[in-house]
There are 2 protein chains.
Amino acid sequence: MTAKGAGAVPKGTTQAAATGGGQPTIISIAERAGVSIASVSRVLNGIGARPATVDKVERAAAELGYVPNAVARSLKDGRTRQLTFAMPDIGNPVYVAMVRAIQSVAKAAGYRLLLHSTDAVAEDELAVLHSLGDRTSDGLILCPIRITDAHVDALRSASGPVVVIGSLPSGVPVDSVRADSVEGVALAVRHLYETGRRRIAFVNGPADTVPGHKRGEGFRKALADCGLVYDPELVVHTDFGIESGAAAAESLLDLKPDAVFGANDQLALGAARALHARGLRIPEDVAVAGMDDSVLAQAGWPPLTSVDLGSTERGRRAAELLLQRLDTPEAPGSTSENPTPRTTTAPPRLVVRASTGRAASDS
Amino acid sequence: MTAKGAGAVPKGTTQAAATGGGQPTIISIAERAGVSIASVSRVLNGIGARPATVDKVERAAAELGYVPNAVARSLKDGRTRQLTFAMPDIGNPVYVAMVRAIQSVAKAAGYRLLLHSTDAVAEDELAVLHSLGDRTSDGLILCPIRITDAHVDALRSASGPVVVIGSLPSGVPVDSVRADSVEGVALAVRHLYETGRRRIAFVNGPADTVPGHKRGEGFRKALADCGLVYDPELVVHTDFGIESGAAAAESLLDLKPDAVFGANDQLALGAARALHARGLRIPEDVAVAGMDDSVLAQAGWPPLTSVDLGSTERGRRAAELLLQRLDTPEAPGSTSENPTPRTTTAPPRLVVRASTGRAASDS
DNA sequence: CTGAAAGCGCTAACAG
DNA sequence: CTGTTAGCGCTTTCAG
């Protein structure tokens, strides 16, 4: 209220804006340096000015402890230099890996990272997508676990650049980075087969999620490739989580599998716990393998063989794709439509550890 | 460029701003609805208006798919509804727990969360502190692992509300939430003592970090309280991390401890690995306990006894403290100085699991 | 080289 | 109830 019309006050009073309660602005600096705000802006942005002016401005800015107001700048040039990453659960090491990778790329490019934990709630994901329109961030990396029609619609009409980590139905004009679950599963199954396992149980995640579905499909295929028969009894669907894995494995053990494969490390670890509890030895009696190769894989004993589906890599690529979109002003085509979507697939990698050594009967 | 002076154009052309390439604004809506931007603003903010007007505006807004520009709003009312959380390493489960808690509180209060991984680099922490001045977020939760004089200075002159998770030297006018490491360590040591352990080895983190120091101090004190002598040989400092823990424990095993206590779960897990590798049984031969009670504690075998230092609780409280500061316009005292800092301490909690069962010789 | 002035999108007086 | 207008802080023509 006091600082009214301060912009026009040429008196070097260092008072109005400087004391006006808030942060110093270019106005405070202009007053203090006795120049116009335009000059201040120029100096601060390294645009030509007379040495004397530069000096006065820089001195004033330093004395005042000036920090440019990012919000004002954003309003002016329409970009916030913020990226949003929305994933189901920050408690899952897989997403943590993505966050790390994304944060790292973003930081290097001068972007901040806004985090959203959606708890895999579709509504939340849609809300995030919708809120892209509020211009709070320049782009979004979305990692949905289920993809509904509503997602596709929202993706179609997104009001800003989006990159999806996950498998999108074809035809959706959005960049995406996917994992090769099928090949990943095959890697593990083949490895188990080659180390002498023939009765491989599979503890899978929820069947109605994209990853759950793909992994199940991959498992079937992989068994066939190895010439093993698919026994539905040896496959269980459950929630991701150690407890769930333990419970599920518990029920499978009566079927005397010689290997348990978990659709992620938590599940595998749960299975390992069930085995330990029954006094079964890993890997002598039963081999155990997981997926994701998260920190958890090395936490247990024996260390867990696991398939790295490239979370870090996917995060990195997603961030890079997004940044590319941001740097490319606009497709020459229609109004921000027709982005000619790009898709990459991160290759899986098998990390063999002690949990899948040879079977006792095999040695 | 085309949309120049659009604000003054009263013609209901629905053209200028609506087609101007970008997102719809209140101007587009005003044009389409044939009312003034002020009316649009009022309707959109639920302030009184004639039903007919309300209707026209809402219809126009819906048709245009209008989403308010958060940046513009921020510039206007000086708040972004964003919070920043800066911690050393998002890869550490402890910080993940904090992120979760903070995100949850923030979300409930309508705030977004901005994440910064500082890699425990002091410069980065200071930069974050300094960047508070750019008004990108309304407040900061900082979790430094070391606290230098520079930190204290920066904290003193912070240009916005800050809450520190960690132990601050007294006299720094900043809210903080701390863990009670000393009592936490005591909980574990006492438990080990009570279950028959007498030669307790301690794998600690870096001595020059606040947590490392406090835990070391706590360990000494706890031993004394149990009437055990402090044997410097049984204490090792190393980096946090499973590998480090394994290596460190390795070197301690020759000293025949009957328990190994890790300053965090990773360290304890590393120790467990070393024990397994030597064929020692947990807990029959050697008990193992860790700290933080992270997800890792339940990942291994046997499940790890661990002291929960309340990461989640600390995150929650920090967020709440920060939000309180934000809701409280200003201390009646001087210009945002003298915030009469508040400090809370989260109580530690011992979680007993199988890794610290009774010793074989004791049964 | 420098100053005046026009906005970026929105809210909040202040007049009608 | 509604329209006009003045900014929030900054960048950027456009004239000097």
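Positions of Cβ are set from backbone N, Cα and C atoms, glycine also.
Not measured: the values here are computed from a predicted model.
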Original post:
region 'Disordered' per TrEMBL sits at which of A:1-20, A:41-60, A:121-140?
Top reply: A:1-20
Original post:
Which residues of the same chain, at least 6 past either end of the compositional bias 'Low complexity' (A:339-349), have a Cβ under 8 Å from a Cβ in it?
Top reply: 161, 168, 172-181, 183-184, 187, 293, 307-310, 313-314, 317, 321, 325, 331
Original post:
Per DSSP, how many helix, strand and coil residues does the compositional bias 'Low complexity' (A:339-349) have?
Top reply: 0 helix, 5 strand, 6 coil
